Amino acid sequence: MSAARESHPHGVKRSASPDDDLGSSNWEAADLGNEERKQKFLRLMGAGKKEHTGRLVIGDHKSTSHFRTGEEDKKINEELESQYQQSMDSKLSGRYRRHCGLGFSEVEDHDGEGDVAGDDDEDDSPDAESPDDSDSDSESEKEESAEELHAAEHPDDTEDPKSKKDAKSNYKMMFVKSSGS
């Protein structure tokens, strides 16, 4: 070690080319055995150059190697469009917006009057509906629309608006907590 210091005194610049006597810093010239071990060493040091083996080509895979026919494309497009329409219909109808939280009720306008969502006379319990009741919801909506059509065709058969308002206020009062107790 002292010999190395004597050959390179402090403060003297060394040449840019490495010296032959300091071969320990030149790891590319190190004898690692066969070529496989040398490649492994270079790869582990991060200096190995990866060679393209030709095995992997982008887009060439067994699952994607077949091409779709025009009929398959049409079928897939129709399925996607039907799914899109179903989701848009459910979003725009607001059917799933009704159950936004505990005690939440959304105001709907059927005949120009503000009705509270879920004010059917047959549903007297304040319990929230379960998601399994979606079929009965659509049936009750169909019945309501049929009743509205019948009322539009026969205006003389409908109830007077005053009794209808009284029935609504009585129904709403069933859920109002009394302040006397």
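Placed from the backbone N, Cα and C atoms, the Cβ positions cover glycine too.
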Of the residues Ser17, Ser130, the one that Swiss-Prot lists under phosphoserine: Ser17
Listed residues Ser15, Ser24, Ser82, Ser93, with the one flagged phosphoserine by Swiss-Prot: Ser15
Neighbour tally for Lys13 (SUMO2 cross-link), based on other Cβ positions within 10 Å of its Cβ: 6
Lys13 (SUMO2 cross-link) versus Ser87 (phosphoserine) - Cα distance in angstrom: 76
Residue pair Lys75 (SUMO2 cross-link), Lys13 (SUMO2 cross-link) - Cα distance, angstrom, rounded: 76
